[in-house]
Amino acid sequence: MDSPSQHGSHTSLVVIQPPAVEGRQRLDYDRDTQPATILSLDQIKAIRGSNEYTEGPSVARRPAPRTAPRPEKQERTHEIIPANVNSSYEHRPASHPGNARGSVLSRSTSTGSAASSGSSSSVSSEQGLLGRSPPTRPIPGHRSDRVIRTQPKQLLVEDLKASLKEDPTQHKFICEQCGKCKCGECTAPRALPSCLACDRQCLCSAESMVEYGTCMCLVKGIFYHCSNDDDGGSYSDNPCSCSQSHCCSRYLCMGALSLCLPCLLCYPPAKGCLKLCRGCYDWTHRPGCRCRNSNTVYCKLESCPSRAQGKLS
(Lines of atoms letter the chains of each structure in order from A and count residues from 1; the text may use other names and numbers.)
(Lines give C-alpha, C1' and ligand atoms only; values in the text may rest on other atoms or scores of the structure.)
Protein backbone atom coordinates (compact mmCIF):
# COMPACT_ATOMS: atom_id res chain seq x y z
CA MET A 1 0.00 0.00 0.00
CA ASP A 2 1.43 3.27 -1.05
CA SER A 3 1.73 6.07 1.49
CA PRO A 4 0.35 9.48 0.70
CA SER A 5 3.90 10.80 0.28
CA GLN A 6 4.59 8.41 -2.59
CA HIS A 7 1.62 9.65 -4.62
CA GLY A 8 2.79 13.23 -4.14
CA SER A 9 -0.38 14.38 -2.41
CA HIS A 10 0.26 16.97 0.28
CA THR A 11 -2.26 17.59 3.06
CA SER A 12 -2.25 21.08 4.68
CA LEU A 13 -3.30 21.53 8.31
CA VAL A 14 -3.95 24.68 10.37
CA VAL A 15 -2.17 24.64 13.73
CA ILE A 16 -2.87 27.25 16.43
CA GLN A 17 0.01 27.54 18.82
CA PRO A 18 1.51 30.35 20.88
CA PRO A 19 4.67 31.83 19.40
CA ALA A 20 7.80 30.17 20.72
CA VAL A 21 11.00 31.93 21.65
CA GLU A 22 12.62 31.25 18.30
CA GLY A 23 9.44 32.33 16.51
CA ARG A 24 9.44 35.61 18.46
CA GLN A 25 13.05 36.31 17.57
CA ARG A 26 12.35 35.57 13.90
CA LEU A 27 9.22 37.74 14.02
CA ASP A 28 11.19 40.62 15.49
CA TYR A 29 13.80 40.21 12.78
CA ASP A 30 11.12 40.30 10.07
CA ARG A 31 9.64 43.45 11.63
CA ASP A 32 12.98 45.19 11.56
CA THR A 33 13.67 44.25 7.97
CA GLN A 34 10.22 44.98 6.51
CA PRO A 35 8.77 48.52 6.45
CA ALA A 36 5.88 49.07 8.89
CA THR A 37 2.69 50.71 7.76
CA ILE A 38 2.15 54.11 9.41
CA LEU A 39 -1.43 55.26 9.98
CA SER A 40 -2.42 58.92 10.19
CA LEU A 41 -4.55 60.37 12.98
CA ASP A 42 -7.56 60.68 10.68
CA GLN A 43 -7.54 56.98 9.95
CA ILE A 44 -7.52 56.01 13.62
CA LYS A 45 -11.06 55.73 14.98
CA ALA A 46 -12.27 54.85 18.44
CA ILE A 47 -13.99 51.50 18.83
CA ARG A 48 -16.47 52.76 21.41
CA GLY A 49 -17.91 56.18 22.06
CA SER A 50 -16.91 58.17 25.14
CA ASN A 51 -19.45 59.37 27.70
CA GLU A 52 -19.58 63.11 28.28
CA TYR A 53 -20.87 64.13 31.72
CA THR A 54 -22.33 67.60 32.24
CA GLU A 55 -23.57 69.36 35.35
CA GLY A 56 -26.85 70.48 33.82
CA PRO A 57 -28.52 71.74 30.66
CA SER A 58 -27.70 75.37 31.51
CA VAL A 59 -24.03 74.86 32.31
CA ALA A 60 -21.58 74.96 29.43
CA ARG A 61 -19.59 71.82 28.79
CA ARG A 62 -16.08 71.97 30.16
CA PRO A 63 -13.25 71.00 27.82
CA ALA A 64 -11.43 67.89 28.92
CA PRO A 65 -7.74 68.41 29.74
CA ARG A 66 -5.30 66.99 27.29
CA THR A 67 -3.40 64.01 28.57
CA ALA A 68 0.00 62.83 27.45
CA PRO A 69 -0.16 60.02 24.89
CA ARG A 70 0.46 56.65 26.41
CA PRO A 71 2.87 54.18 24.84
CA GLU A 72 1.13 51.56 22.77
CA LYS A 73 0.98 48.12 24.25
CA GLN A 74 1.47 45.17 22.00
CA GLU A 75 -0.93 42.35 22.50
CA ARG A 76 0.12 38.76 22.57
CA THR A 77 -1.50 37.13 19.60
CA HIS A 78 -1.64 33.52 18.64
CA GLU A 79 -0.07 32.91 15.31
CA ILE A 80 -1.99 30.91 12.71
CA ILE A 81 0.54 28.89 10.80
CA PRO A 82 -0.43 26.89 7.69
CA ALA A 83 1.81 23.89 8.19
CA ASN A 84 2.63 21.19 5.68
CA VAL A 85 2.88 17.61 6.86
CA ASN A 86 5.94 16.71 4.77
CA SER A 87 7.56 20.17 4.90
CA SER A 88 9.58 21.63 7.77
CA TYR A 89 8.88 24.80 9.77
CA GLU A 90 11.36 26.81 7.71
CA HIS A 91 9.50 26.39 4.38
CA ARG A 92 6.51 28.60 5.34
CA PRO A 93 5.62 31.42 2.96
CA ALA A 94 7.50 34.70 3.40
CA SER A 95 4.44 36.91 3.15
CA HIS A 96 2.89 35.62 6.37
CA PRO A 97 5.07 37.64 8.83
CA GLY A 98 4.07 40.80 7.06
CA ASN A 99 0.38 39.98 7.48
CA ALA A 100 0.93 39.19 11.13
CA ARG A 101 2.75 42.48 11.50
CA GLY A 102 -0.17 44.35 9.98
CA SER A 103 -2.73 42.61 12.18
CA VAL A 104 -0.69 43.22 15.31
CA LEU A 105 -0.23 46.90 14.43
CA SER A 106 -3.90 47.42 13.71
CA ARG A 107 -4.91 45.73 16.96
CA SER A 108 -2.42 47.70 19.03
CA THR A 109 -3.45 50.95 17.37
CA SER A 110 -7.14 50.35 18.02
CA THR A 111 -6.41 49.33 21.62
CA GLY A 112 -4.37 52.51 22.21
CA SER A 113 -7.08 54.75 20.77
CA ALA A 114 -9.74 53.04 22.90
CA ALA A 115 -7.60 53.48 26.01
CA SER A 116 -7.04 57.19 25.25
CA SER A 117 -10.77 57.76 24.71
CA GLY A 118 -11.59 55.93 27.95
CA SER A 119 -9.07 58.01 29.89
CA SER A 120 -10.46 61.27 28.47
CA SER A 121 -14.01 60.27 29.43
CA SER A 122 -12.91 59.35 32.96
CA VAL A 123 -11.08 62.67 33.36
CA SER A 124 -14.13 64.61 32.15
CA SER A 125 -16.38 62.71 34.56
CA GLU A 126 -14.02 63.46 37.44
CA GLN A 127 -14.05 67.15 36.51
CA GLY A 128 -17.85 67.12 36.52
CA LEU A 129 -17.99 65.48 39.95
CA LEU A 130 -15.44 67.92 41.34
CA GLY A 131 -17.43 70.84 39.96
CA ARG A 132 -20.53 69.66 41.85
CA SER A 133 -18.77 69.09 45.14
CA PRO A 134 -20.42 70.88 48.14
CA PRO A 135 -18.86 74.12 49.37
CA THR A 136 -16.34 73.91 52.13
CA ARG A 137 -17.65 74.61 55.60
CA PRO A 138 -15.89 77.09 57.86
CA ILE A 139 -13.74 75.72 60.63
CA PRO A 140 -15.51 75.85 64.03
CA GLY A 141 -12.43 77.30 65.73
CA HIS A 142 -12.05 80.03 63.10
CA ARG A 143 -13.01 83.46 64.36
CA SER A 144 -14.58 86.03 62.14
CA ASP A 145 -12.71 89.19 61.28
CA ARG A 146 -15.52 91.41 62.51
CA VAL A 147 -14.58 93.42 65.57
CA ILE A 148 -17.20 94.66 68.00
CA ARG A 149 -16.42 98.33 68.49
CA THR A 150 -19.52 99.44 70.39
CA GLN A 151 -20.71 97.76 73.56
CA PRO A 152 -24.37 96.72 73.70
CA LYS A 153 -26.56 99.17 75.53
CA GLN A 154 -27.79 98.10 78.93
CA LEU A 155 -31.55 97.69 79.18
CA LEU A 156 -32.72 100.20 81.74
CA VAL A 157 -36.07 99.90 83.46
CA GLU A 158 -38.10 102.96 82.61
CA ASP A 159 -39.64 104.94 85.38
CA LEU A 160 -43.32 104.51 86.00
CA LYS A 161 -43.85 108.22 85.45
CA ALA A 162 -42.68 107.91 81.87
CA SER A 163 -44.93 104.89 81.38
CA LEU A 164 -47.88 106.91 82.68
CA LYS A 165 -47.19 109.63 80.14
CA GLU A 166 -46.78 107.18 77.28
CA ASP A 167 -49.75 104.90 78.04
CA PRO A 168 -52.21 106.50 80.47
CA THR A 169 -54.78 103.75 79.89
CA GLN A 170 -52.90 101.32 82.17
CA HIS A 171 -53.27 103.44 85.33
CA LYS A 172 -56.81 104.75 85.47
CA PHE A 173 -57.58 104.54 89.20
CA ILE A 174 -56.30 107.71 90.84
CA CYS A 175 -56.45 108.64 94.51
CA GLU A 176 -58.55 111.71 95.24
CA GLN A 177 -56.23 113.02 97.96
CA CYS A 178 -52.67 112.43 96.69
CA GLY A 179 -53.37 112.02 92.96
CA LYS A 180 -51.38 108.77 92.68
CA CYS A 181 -52.38 105.49 91.12
CA LYS A 182 -54.11 102.91 93.30
CA CYS A 183 -53.65 99.81 91.14
CA GLY A 184 -52.08 96.69 92.62
CA GLU A 185 -48.79 97.14 90.76
CA CYS A 186 -48.23 100.66 92.01
CA THR A 187 -49.29 100.10 95.62
CA ALA A 188 -47.26 96.89 96.15
CA PRO A 189 -44.35 97.34 98.62
CA ARG A 190 -40.90 97.51 97.09
CA ALA A 191 -38.27 95.01 98.30
CA LEU A 192 -34.59 95.73 98.75
CA PRO A 193 -32.46 94.95 95.70
CA SER A 194 -30.66 91.60 95.51
CA CYS A 195 -28.44 89.71 93.08
CA LEU A 196 -26.99 86.26 92.40
CA ALA A 197 -23.27 85.74 92.98
CA CYS A 198 -20.75 82.88 92.60
CA ASP A 199 -21.91 81.75 89.16
CA ARG A 200 -25.57 82.43 90.05
CA GLN A 201 -25.53 79.99 92.97
CA CYS A 202 -25.56 82.29 96.02
CA LEU A 203 -28.20 84.91 96.76
CA CYS A 204 -26.67 88.19 97.83
CA SER A 205 -29.29 90.31 99.62
CA ALA A 206 -29.71 92.29 102.82
CA GLU A 207 -31.66 89.46 104.50
CA SER A 208 -28.94 86.88 103.77
CA MET A 209 -26.25 89.24 105.06
CA VAL A 210 -28.07 89.62 108.37
CA GLU A 211 -28.61 85.86 108.78
CA TYR A 212 -25.05 84.87 107.90
CA GLY A 213 -23.54 87.74 109.88
CA THR A 214 -25.38 86.85 113.11
CA CYS A 215 -25.13 83.01 112.68
CA MET A 216 -28.92 82.72 112.53
CA CYS A 217 -28.53 80.38 109.53
CA LEU A 218 -26.93 77.83 111.89
CA VAL A 219 -29.89 78.02 114.27
CA LYS A 220 -32.31 77.48 111.38
CA GLY A 221 -30.38 74.41 110.29
CA ILE A 222 -30.46 72.91 113.80
CA PHE A 223 -34.21 73.47 114.13
CA TYR A 224 -34.83 71.97 110.71
CA HIS A 225 -32.95 68.74 111.44
CA CYS A 226 -34.21 68.35 115.03
CA SER A 227 -37.89 68.78 114.20
CA ASN A 228 -39.87 65.55 113.90
CA ASP A 229 -43.30 66.84 112.92
CA ASP A 230 -44.44 68.44 109.73
CA ASP A 231 -44.54 71.88 111.33
CA GLY A 232 -40.77 71.91 111.81
CA GLY A 233 -40.18 73.62 108.50
CA SER A 234 -42.40 76.55 109.45
CA TYR A 235 -40.68 77.55 112.69
CA SER A 236 -37.24 76.76 111.32
CA ASP A 237 -37.78 79.55 108.80
CA ASN A 238 -38.88 81.95 111.56
CA PRO A 239 -37.15 80.79 114.76
CA CYS A 240 -38.01 84.01 116.65
CA SER A 241 -41.73 83.83 115.88
CA CYS A 242 -44.02 83.76 118.92
CA SER A 243 -47.05 82.42 117.06
CA GLN A 244 -45.47 79.09 116.12
CA SER A 245 -45.38 75.96 118.27
CA HIS A 246 -42.58 75.16 120.76
CA CYS A 247 -41.95 78.83 121.38
CA CYS A 248 -40.39 78.43 124.86
CA SER A 249 -38.12 75.57 123.83
CA ARG A 250 -36.89 77.50 120.84
CA TYR A 251 -35.98 80.58 122.88
CA LEU A 252 -34.23 78.45 125.50
CA CYS A 253 -32.23 76.71 122.79
CA MET A 254 -31.22 80.03 121.21
CA GLY A 255 -30.23 81.39 124.65
CA ALA A 256 -27.99 78.35 125.20
CA LEU A 257 -26.44 78.72 121.77
CA SER A 258 -25.75 82.40 122.40
CA LEU A 259 -23.21 81.39 125.07
CA CYS A 260 -21.16 79.67 122.36
CA LEU A 261 -22.18 82.06 119.59
CA PRO A 262 -22.41 85.59 120.99
CA CYS A 263 -23.15 86.94 117.52
CA LEU A 264 -26.74 85.68 117.99
CA LEU A 265 -27.30 88.59 120.36
CA CYS A 266 -26.83 90.95 117.43
CA TYR A 267 -29.71 89.42 115.52
CA PRO A 268 -32.60 91.48 117.06
CA PRO A 269 -31.00 94.90 116.43
CA ALA A 270 -29.86 93.82 112.97
CA LYS A 271 -33.41 92.70 112.19
CA GLY A 272 -34.73 96.10 113.32
CA CYS A 273 -32.25 97.93 111.09
CA LEU A 274 -33.32 95.74 108.19
CA LYS A 275 -36.98 96.69 108.65
CA LEU A 276 -36.03 100.35 108.82
CA CYS A 277 -34.09 100.08 105.55
CA ARG A 278 -37.04 98.34 103.92
CA GLY A 279 -39.39 101.13 104.97
CA CYS A 280 -37.11 103.86 103.68
CA TYR A 281 -36.56 102.11 100.36
CA ASP A 282 -40.28 101.49 99.95
CA TRP A 283 -41.10 105.10 100.74
CA THR A 284 -38.76 106.43 98.10
CA HIS A 285 -39.44 103.89 95.35
CA ARG A 286 -43.15 103.09 95.62
CA PRO A 287 -45.01 105.10 92.98
CA GLY A 288 -48.54 104.25 94.12
CA CYS A 289 -50.85 105.67 96.74
CA ARG A 290 -50.17 105.19 100.48
CA CYS A 291 -53.37 106.70 101.79
CA ARG A 292 -55.46 104.40 103.99
CA ASN A 293 -58.89 105.91 103.55
CA SER A 294 -59.42 107.83 100.34
CA ASN A 295 -61.80 107.92 97.42
CA THR A 296 -60.86 106.56 94.01
CA VAL A 297 -61.38 108.58 90.84
CA TYR A 298 -61.64 106.84 87.47
CA CYS A 299 -59.88 108.72 84.71
CA LYS A 300 -60.23 108.23 80.97
CA LEU A 301 -57.29 108.58 78.61
CA GLU A 302 -56.56 112.29 78.07
CA SER A 303 -58.50 113.44 81.16
CA CYS A 304 -56.14 111.50 83.46
CA PRO A 305 -53.72 113.96 85.14
CA SER A 306 -50.07 113.07 85.44
CA ARG A 307 -48.62 112.18 88.79
CA ALA A 308 -46.04 114.90 88.53
CA GLN A 309 -48.72 117.60 88.79
CA GLY A 310 -49.56 116.62 92.35
CA LYS A 311 -53.14 116.75 93.57
CA LEU A 312 -56.15 117.01 91.35
CA SER A 313 -57.70 120.44 90.95
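Just so you know, glycine gets a Cβ as well, placed from its N, Cα and C.
Database features (Swiss-Prot):
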type     : residues : note
COMPBIAS : 69-79    : compositional bias 'Basic and acidic residues'
COMPBIAS : 106-125  : compositional bias 'Low complexity'
DOMAIN   : 177-289  : domain 'SPR'
MOD_RES  : M1       : N-acetylmethionine
REGION   : 43-152   : region 'Disordered'
Secondary structure composition of the domain 'SPR' (177-289) [DSSP: H/G/I, E/B, coil]:
67 helix, 7 strand, 39 coil
Where does the mean pLDDT land for the domain 'SPR' (177-289)?
85
